[in-house]
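Participant: According to TrEMBL, the protein carries these features:
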- A:C97: active site, nucleophile (ACT_SITE)
- A:H216: active site, charge relay system (ACT_SITE)
- A:E218: active site, charge relay system (ACT_SITE)
- A:G58, A:E59, A:S60, A:R127, A:I170, A:R171: L-glutamine binding site (BINDING)
Amino acid sequence: MEVKIGILALQGGFREHKEIIELLAKQENHFNKYTCKEIKTDRDLVEFKPDGIILPGGESTAMSIISSAHTQGTDIKNIFDHLKEFVSNGKPIYGTCAGAIMLSDQVENQKDGGQSLIGGLHIQTSRNYFGRQINSFQSRIRLDLPVIEKSPDESQPSVTILDDIDGVFIRAPGITKILDKSVEILGRYQVTLKDSTKETIITAVKQNNILATVFHPELTVDTRFHKYFIDIVIAHKLSFLK
Amino acid sequence: MDKIETTNKTNGTKSSDDQIQSFKIKSSLAQMLKGGVIMDVVTPEQAKIAEEAGACAVMALEKIPADIRHFGGVARMSDPKMIKEIMAAVTIPVMAKVRIGHFVEAQILQNIGIDYIDESEVLTIADDENHINKSKFQVPFVCGCRNLGEALRRIAEGAAMIRTKGEAGTGNVVEAVRHARSVNKEIKKLVSMDDDELYTYAKEIQAPLELVKEVKRLGKLPVVNFAAGGVATPADAALMMQLGMDGVFVGSGIFKSGDPKKRASAIVQAVTHYNNPDILSKISEDLGEAMVGINSDKIVEQWSVKEKH
């Protein structure tokens, strides 16, 4: 089966995601073929017809402005409108850092005048939650990933535990509120904030086919989290074939 | 401030409550700036215009390069108060410049919480023998280069991002193109070399052997590389992107032009859609007057050649 992953390429670390998907494509040699394309315009999206989309890290303000600027005064549709449709159709989408902000229903600490979002993920995020670049950090974190294809055999574990993820947090947002019980928390981490208080933060969430992380697995050589996203994409695609 | 780690390829050897500040953290922010435009601004109002136009970061400074050329005299780090006002005005990262070798200016900027420091040839040189030992700082640095050897010397000193020098304040892209092409050409040459030739090549370009080997293995610089110095139009920005740059700095080109808002937005679009002539034609229309520009062979002082090392 061909699995097509589109990567929003308006600004930010989109090349790193592409490299991870390409790495996974090399490892896959049985039934599935992964293809990956940078998405910059509505036309790219319509032509490529991705099965899953990744929203990269970068500056969310820049991406939301770039998404609409060249469409002004034309009948070209803003790519964010296409992405909203993609999300509301229940298709798999994964946002890292700025991508997680764009997927959030509510965002705190926006630039003056606010910024346009894609939304659909029922969480509240706060931009630059930990402070400035000097407060960026890297640490080993643990994720508990619900198994996508549940086996009828009750003795099989229902979560996969990854306890050695290299978490890279760059001017990261915080997930400050979960707004609906359909949102599953995949990981927590105790962090020392800039005023030296300790706080347990949420590092990753899942809501049906939507994934979001405030850290950057694409900045490491670890492909496991992206593989998890691809498993969701494959399961979603198969659900239409059954 | 005691958690500077020089290497951390040691995945998993740290206990989970150990937060590490490392080279990886420094170079990662630059990776998130890719595909974006970093704009010179002198006031909080200009910083907001830049943010509204879609800039991925701003460079806070008292005088833009064209005015530094015009007024002359010693150009130094900007007033920290003015930089702090710009930091408070926008939510995107803020960079600022220090003089080459002036590590105390860098200490001051690190202390006020700047996101990135540009050790810049645009300001007057403070130490004509040594650059700042950038690996001693927690805040990341960007430095200019004209060729591969210079880029690798800066990376060896701890720079986490590289830019072409170009010739700032001229509105003429020729030097930036020259520097981008020369880095590209030297990397291609290096990649095609026999491993036995690397020792002499490292000596020739005056770069550390380890970094030379790494560039051969990667086929590119180990850090992000932006274009800077002379970019004035959306077409200039797209040109630099097609030459393989990761993003663009625009200094005097925006706020020395007739319609800064429109030009800023157009340059941001050009960096994203650098390979799309339809969009490039549309956004290049009706931008008002570009900055007048100076031909770089007519300027009194070429900044790009003033560093000796």
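Any Cβ shown, glycine's included, is placed from N, Cα and C.
Relative to the rest of the structure, where do these features sit?
Facilitator: DSSP assigns A:C97 (active site, nucleophile) to coil in the three-state reduction, outside any helix or strand.
The C-beta environment of A:H216 (active site, charge relay system), restricted to residues of the same chain at least 6 apart in sequence and closer than 8 Å, consists of A:G13, A:E16, A:G57, A:T96, A:C97, A:V168, A:F169, A:I170.
Reduced to three states, the DSSP call for A:E218 (active site, charge relay system) is helix. Around the Cβ of A:E218 (active site, charge relay system), 28 further Cβ atoms fall within 10 Å across all displayed protein chains.
Under the DSSP three-state reduction, A:I170 (L-glutamine binding site) is assigned to coil, being neither helix nor strand.
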Participant: Most Cβ neighbours within 10 Å: which of the recorded positions A:C97, A:I170 is it?
Facilitator: A:C97
Participant: Roughly how wide, in whole Å, is the group A:G58, A:E59, A:S60, A:R127, A:I170, A:R171 that binds L-glutamine, by largest Cα to Cα distance?
Facilitator: 13
Participant: Return only the integer: C-alpha distance in Å from A:E218 (active site, charge relay system) to A:R127 (L-glutamine binding site).
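Facilitator: Distance between the two Cα atoms comes out at 20 Å.
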Participant: If one looks at the chain holding A:S60 (L-glutamine binding site), which residues at least 6 apart in sequence have a CB under 8 angstroms from its CB?
Facilitator: A:A98, A:I101, A:M102, A:V107, A:Q115, A:R127
Participant: Sort out for me which one of A:G58, A:E59, A:R127, A:R171 has the most neighbouring CB atoms within 10 A, since those are the binding-site residues we care about.
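Facilitator: Of A:G58, A:E59, A:R127, A:R171, the one with the most crowded Cβ is A:E59.
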